[in-house]
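As recorded in TrEMBL:
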DOMAIN    39-326  domain 'Sugar phosphate transporter'
REGION    334-360  region 'Disordered'
TRANSMEM  34-53  transmembrane segment
TRANSMEM  65-87  transmembrane segment
TRANSMEM  99-121  transmembrane segment
TRANSMEM  127-154  transmembrane segment
TRANSMEM  161-178  transmembrane segment
TRANSMEM  184-208  transmembrane segment
TRANSMEM  220-238  transmembrane segment
TRANSMEM  250-274  transmembrane segment
TRANSMEM  281-303  transmembrane segment
TRANSMEM  309-327  transmembrane segment
Amino acid sequence: MKERRRSKVLISDHHSRSDSMAADRSKGVVRDEFVTYAYILLYIALSSGQIFFNKWVLSSKEINFPYPLGLTLLHMIFSSVLCFLLTKVLKIFKVEEGMTLEIYVTSVIPIGAMFAMTLWLGNTAYLYISVSFAQMLKAIMPVAVFVLGVAAGLEMMSCRMLLIMSIISFGVLVASYGELNINWIGVVYQMGGVVGEALRLIFMEILVKRKGIKLNPISLMYYVSPCSAVCLFLPWIFLEKSKMEGNSTWDFHFVVLTLNSLCTFALNLSVFLVISHTSALTIRVAGVVKDWVVVLVSALLFADTKLTVINLFGYAIAIAGVAAYNNHKLKKEASPRVTTETPGDDSESIALVSQANTER
């Protein structure tokens, strides 16, 4: 009888421990899901907010700072200093090794130059066109990346990709046709920024695939930000320095501009957090959601934004094409990882951090 009671007690203890472990696992899953969704919402909020923040700084009468080159230069200087403090002084993050002078000159400097070009032209476009229309024009990005990738030998032309590119282009054309107050100067600046970003992605892919260098976002910003700052400083001297000196009405709003630069840096870190907790598919879907948030919210915030049915219809077509492109790229990226995990998260991080960097 005693042995039976003892066995019943042991079985009861075993069941209670199993139930406790199952409850702990369930709580852990719920906690992880909550953290993941929190990071995704943080990314969408920061990415969308940074676009509106830049538009407000560049266009508002309260700040009176219509200098896109100066603003972008400030972002890169702030990012360079902060990356140095985080990696070399405080040593919170580690800069990954493998960088050589030859790779720096042939790859990092071109990436930095294209990054500077993208941010400069993209921010300048906000002086001429609405945020929503600029976001619609950005949907043409996969087309530019694919065309330049084919030219560089990184992509293969196929009927499926040609169809996807045609759908995206048609959608952007329809959205542009529906724009009521189109300013071609702004369109040229925005498309120049799109080309610059496409070239930057190509240089990054060459850096990863052909030279074998894999960098996390902090390492990437550590190397690229100073190059971009130098590339922006030279045109700033010739194009905006004299204007800023001759214009006595503008003030350097230290708190606002510092907060704007900090938000830019936080955006890059949020991308790193999302990638580390989810996948490429998740952040790309989040990017599409963010695009729609920006387009719709800008119609409420800015007087220069007037959405038409044609606008939204064309943008929906373009986004459908972008979704098909992302799906195709994800399948292509996943195929070589069936037997190996070598090309994994680092190269994925480089490609994805560029999305956050250009959302300005």
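Cβ atoms are placed via backbone N, Cα and C, with glycine included.
Curation does not apply to TrEMBL; its annotations are automatic.
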Top partner of the transmembrane segment (99-121) among 127-154, 220-238, 250-274 - counted as Cβ pairs under 8 Å: 220-238
Tertiary contacts of the transmembrane segment (184-208), as residues 6+ beyond its ends and Cβ separation under 8 Å: 103, 107-108, 110-111, 114-115, 117-122, 124-129, 133-134, 137-138, 140-141, 144-145, 147-149, 152, 154, 176, 214, 346-347, 350-351, 354, 358
The domain 'Sugar phosphate transporter' (39-326) [mean pLDDT, rounded to integer]: 84
